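Listed in TrEMBL for this protein:
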| type | residues | note |
| --- | --- | --- |
| TRANSMEM | 12-30 | transmembrane segment |
| TRANSMEM | 50-68 | transmembrane segment |
| TRANSMEM | 75-99 | transmembrane segment |
| TRANSMEM | 119-136 | transmembrane segment |
| TRANSMEM | 148-165 | transmembrane segment |
| TRANSMEM | 171-187 | transmembrane segment |
| TRANSMEM | 194-214 | transmembrane segment |
| TRANSMEM | 289-307 | transmembrane segment |
| TRANSMEM | 319-336 | transmembrane segment |
| TRANSMEM | 356-376 | transmembrane segment |
């Protein structure tokens with residue numbers, strides 16, 4: 001017997017975890033301030049981070065009060081808006097900014113740099129979620145043909161933004177979006193043998209690229225990866241053999257290792273490494289607060305991802321579950337990639353640690369993503385009797 005009056009709930013546990021991560025983020029950024037270059041010493045990054053968190057929480061509130069079906073209805077409009085912004089970067093329209101060889105930002109007067117690939121991650125989740133939900137509603141009985149059609153729809157929506165982002169070039173966000181799409185495909189209802197075939201194809205492409213690299217190195221450098229991207233792989237595979245390419249990773253090793261169990265103490269970072277408040281904020285925490293501080297960060301992200309999985313499993317709406325799956329895939333991969341690159345498990349790609357690193361576009365993107373998760377949770381019907 002089911003209660004005829006289901007309750008709609010706000011997930012206070014997820015909100016508490018979010019506040020905890022935000023608090024740790026501000027302390028970590030403050031501790032990194034003395035390690036910044038002289039021209040950045042006078043910038044109050046903690047205050048800026050708090051401002052972005054406030055804006056993000058306001059955005060979460062707005063997202064939660066809007067009926068989730070509305071996002072499904074306007075999904076293609078949001079996607080089109082983000083595509084226009086990405087095409088503008090490709091055409092280098094006025095306002096487009098090139099930083100470190102990548103044309104990936106717009107400069108907004110009075111606000112700062114804005115990265116369209118960040119909002120594309122959000123809007124692509126919504127579009128792909130809509131594609132999967134509508135397809136499964138139309139084809140309740142699956143065959144190979146229906147699975148192939150669904151994959152074709154997903155790739156048709158995903159490839160244009162992926163190619164534009166990769167061309168900026170932005171390898172980090174290209175990888176994050178790919179992981180996000182993989183998570184959504186896994187829960188889409190496509191049969192496992194079809195997914196296995198797709199995975200085999202991906203490995204075949206990877207093997208082919210590896211063969212091309214070792215047999216036609218110049219072609220690989222000219223047409224597949226940029227030289228600076230190859231340098232990152234060199235620095236990752238042999239950081240002590242490639243002096244310039246392995247500098248960041250060697251310094252990260254030294255900083256994290258010297259922190260030992262309890263760290264060197266607040267604002268007592270002694271090893272220089274670039275971006276201690278953004279890409280390498282985890283390394284900064286490991287140096288100043290040691291293994292214990294690093295474990296706190298990992299534990300908070302574990303709780304965050306676990307809670308999001310719990311919400312996804314309880315959702316009564318397939319569309320909401322797909323949104324949760326994409327968000328979980330995005331979070332999980334980016335956390336693993338960022339922490340992995342700072343300790344040498346993965347090559348350096350220049351992506352931030354979600355919700356922890358300083359950065360307006362990235363922080364706002366992930367707070368809005370959490371807003372979608374909370375929206376799904378608030379509209380999940382909880383019955384007294386199941």
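Cβ from N, Cα, C; glycine included.
In this chain, the transmembrane segment (319-336) touches the transmembrane segment (289-307); three or more CB pairs sit within less than 8 A of each other, excluding pairs fewer than 6 residues apart. Long-range contacts of the transmembrane segment (12-30) within its own chain (CB-CB distance under 8 A, at least 6 residues past either end) are made by residues 45-46, 49-50, 53, 267, 277, 281, 284-285, 296-297, 300-301, 303-304, 307-308, 311, 355-358, 367, 370, 373-374, 377. Contact between the transmembrane segment (356-376) and the transmembrane segment (171-187) does not hold: fewer than three of their C-beta pairs are under 8 Å, each pair 6 or more apart in sequence. Long-range contacts of the transmembrane segment (119-136) within its own chain (CB-CB distance under 8 A, at least 6 residues past either end) are made by residues 71-72, 75-76, 78-79, 81-83, 85-86, 146, 149-150, 153-154, 157-158, 161, 165, 173, 176-177, 180-181, 184, 188-189, 318-319, 322-323, 326-327, 330, 361, 365, 368-369, 372.
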